[in-house]
Amino acid sequence: MIARLKLFVVESFPLRFFIPYSLVYAFGMTGLFAATDGRITHWTPGFGLLTSAATLMIDQLIIRALDDIRDLDYDRRYNPARPLARGAVRRSDLVALIVAGVAFVLAINAGRGAADLILVVQLIYLVVLAAIEKRFDWPRDGQLLTNLAVSYPIQLALSVYLYADWLSLHALAPAWQGVLVILAAAVGLLHLELARKVTRTPRDGERTYVRIFGVRNTVRIAAACAAITSLIVVALLQPWANPPRSAWGWAALLPLMPVVIGRLKFNDPALPRWPLRYAAWYILVMYASFLFVGLATLGRQVA
């Protein structure tokens, strides 16, 4: 089983992406929470964020494994090369992985109060959603927007988890700035969700928003999501003000670079799909810019 699960991780959950992604997600969101909250005068990343990053990574591995179980019939028809679909890993292997992952995540977060509770609620929601889909075949295959609406809270909960942990660490009550940071990150994730599925000619049975909005509009919506995220963060940091909340707030525009490059690349009609690497780079640069703003802003205030 260990060898089969190792193969599953290598093929379906590449650590070369998810390790840096989880680290920059945890550190970046926390940095931006600190930079936008006027009650905080200094911030230094603590070792506790490594626990948060590990939580994010294992949680997303659980989601990946459960998604593969849910999509097994679809993958057997349209993605037969995936590990579970081709029989390289068993359903029971993934169930064991999910159970072990849940136990690990809850164990390392024991005693973290509201953050731990949010994880419990998220994991219960994840399992209940999978059970509903299995029992009632809802959302049906092809109902992309419905599926997005019911599954997005799973990802949103991870940002709420980080915020709850940060608030607990500083003994603070929630503030509207933190809510807007979570909203900005959620909208940014929509860019990744949309852009990675942009294709000029969908394959038979392929799940893509192009079938709903068309190629041009899907690209526009994906780009708009990235722009809205940057605008929210810049508005929170007010780098133009005198004095500015953060003179480094313009760094929130940096994540737009991979979006622009991806768009220019996709202008080539010979390219059948939006380049996945730029969608992935966008989300990494987004969280990295959050971290940079947090360190630069509060480091300056301490000095």
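Residue numbers in this text run from 1 along the chain shown.
For all residues, glycine too, the Cβ spot is worked out from N, Cα and C.
Just so you know, TrEMBL annotations are computer predictions that nobody has curated.
Now, the feature entries from TrEMBL:
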TRANSMEM  12-35  transmembrane segment
TRANSMEM  47-67  transmembrane segment
TRANSMEM  88-108  transmembrane segment
TRANSMEM  114-132  transmembrane segment
TRANSMEM  144-163  transmembrane segment
TRANSMEM  175-194  transmembrane segment
TRANSMEM  221-241  transmembrane segment
TRANSMEM  247-266  transmembrane segment
TRANSMEM  278-298  transmembrane segment
Chain residues outside the transmembrane segment (47-67) and at least six past its termini with a C-beta under 8 angstroms from it: 8-9, 12-13, 18-19, 21-23, 25-27, 30, 94, 97-98, 101-102, 104-105, 108-109, 119, 122-123, 126-127, 130, 154, 158, 161-162, 165, 169
Outside the transmembrane segment (221-241), six or more residues from its ends: residues with CB under 8 Å to it: 32, 35-36, 177, 180-181, 183-185, 187-188, 190-191, 194-195, 198, 209, 213, 247-250, 252-253, 255-256, 259, 263, 274, 282, 286, 289-290, 293, 297
Same-chain residue ranges lying at least 6 outside the transmembrane segment (12-35) that approach it to Cβ under 8 Å: 43, 45, 49-50, 52-57, 60-61, 64, 68, 82-83, 158-159, 162-163, 166, 177-178, 181, 185, 233, 237, 245-246, 280, 283-284, 286-295, 297-298
For the transmembrane segment (247-266), sequence-distant contacts whose Cβ falls under 8 Å of one of its Cβ atoms, 6 or more beyond its ends: 188, 191, 195, 198, 219, 222-223, 226-227, 229-230, 233-234, 236-239, 274-275, 278-279, 281-282, 285-286, 289-290, 292-293, 296-297, 300
